[in-house]
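Per TrEMBL, these features apply:
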ACT_SITE  Lys11  active site
ACT_SITE  Asp136  active site
BINDING   Pro94, Val95, Ala96, Ala97, Gly98, Leu99, Ala100, Gly101, Gly102, Ser103, Thr104  ATP binding site
DOMAIN    66-144  domain 'GHMP kinase N-terminal'
DOMAIN    201-275  domain 'GHMP kinase C-terminal'
Amino acid sequence: MESLNLKCRAKINLSIDVLGKRADNYHLVEMIMQTIDLYDNVNIEEIDSGIIIDSDNEYVPTDSSNIAYKAADLIKRKFNINKGVKISINKNIPVAAGLAGGSTNAAAVLVGLNKMWDLKLTEDNLMELGLQLGADVPFCILGGAAVAEGIGEKLTRIEGLESVKILICKPDILVSTKWVYENLDINGLSKRPNTKNILNNLKENDVQALAKNMCNVLESVTENEYTQIKEIKKKMIEHHALGSMMSGSGPTVFGIFDNLDCAQKAKEELKQLYKQTYLVNTYKGGIEIEG
Ligand SMILES: C[C@@](CO)(OP(=O)(O)O)[C@H](O)COP(=O)(O)OP(=O)(O)OC[C@H]1O[C@@H](n2ccc(N)nc2=O)[C@H](O)[C@@H]1O
Ligand SMILES: Nc1ncnc2c1ncn2[C@@H]1O[C@H](COP(=O)(O)OP(=O)(O)O)[C@@H](O)[C@H]1O
């Protein structure tokens, strides 16, 4: 096999709680993750040697700091593979956005190379390897919806939102995940999610209650630094979003809508201010290998 095309999707967090800190400074979390139908196309082509990264987005590094490069390097070293790969990333997912864009590219490379080089790795094997690259990579391999514990790697699959309309809006600022976690005051949190309640809302398919109960403890850190977050949330609510919140460490804000007209009007207005605005659905699967 010489070439593979994969679709890898973004995620949003329906809740994020931070419970503590590990000795290595990674934070212990309790999160609800949901895949959305906003995807990058990743093409993997076998070449004689080395790893080449190519992307159509100026913010995506093309050297060994690209997490897709690291994924290929990990596989090549672990399985002593002499062949090389050229990885082309066609980016639709906003970069440094809180949408796991890099993590999902890395997940695609692991899944793709497992198939291309017939490595016979199970989903669990792939998720273990993924964790060596980043805390969000295992979820990107699993896809759909899950509760994430530990540093994000202990995953329990759940029934997520079924084809619910999500408006995504990414203001033109770059936010570092590391900076957000470093600036979080774990003992001074004013509001925390009730994860059990939100999971019940999902079980009962009560999207309205879920949208009201959503809470992300990282929001305050990013919101205090950048006024755009509050402004976007306000606009989404004015346009009758059931709820609106920042995803991950931000700065992307998403809104949950039950009315397509309202969602489209909100999109039109926000798109005039923020180019990276997308109306998508929630998605049930993980990495998709195209035929
Ligand atoms: C906040 C979340 C929520 O899903 O997503 P994003 O905003 O990145 O999308 C994740 O916890 C981010 O996961 P991910 O982006 O994969 O993190 P990594 O690359 O492993 O780590 C980036 C930095 O974030 C910090 N970090 C990450 C995860 C975690 N549980 N605790 C941490 O303190 C670490 O300081 C690390 O240096
Ligand atoms: N394949 C990739 N796609 C996007 N960003 C990447 C990639 N590889 C490395 N990066 C770097 O990772 C940083 C975080 O990007 P990203 O994964 O999109 O953020 P987030 O995890 O917040 O969604 C970016 O600033 C970028 O420099």
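Easy rule for this one: first residue shown is 1, then count along the chain.
Here the Cβ of each residue, glycine as well, is placed from N, Cα and C on the backbone.
All TrEMBL annotations are machine predictions without curation.
Model, not experiment: these values are computed from the prediction.
In the shown protein chains, 18 other C-beta atoms lie within 10 A of the C-beta of Ala96 (ATP binding site).
In the three-state DSSP assignment, the secondary structure recorded for Ala96 (ATP binding site) is coil. Summary of the ATP site environment: with the site residues Pro94, Val95, Ala96, Ala97, Gly98, Leu99, Ala100, Gly101, Gly102, Ser103, Thr104 set aside, the chain residues having Cβ atoms within 8 Å of the Cβ mean position are Ala10, Ile93, Gly248. Between the alpha carbons (Cα) of Thr104 (ATP binding site) and Lys11 (active site) lies a span of roughly 9 Å. Around Asp136 (active site), a 10 Å sphere centred on its CB holds 28 further CB atoms from the protein chains shown. Each residue in the domain 'GHMP kinase C-terminal' (201-275) gets a DSSP state, and the totals come to 42 helix, 11 strand, 22 coil. Within 10 Å (C-alpha to C-alpha) of Asp136 (active site) lie the following binding-site residues from Pro94, Ala96, Ala100: Ala100.
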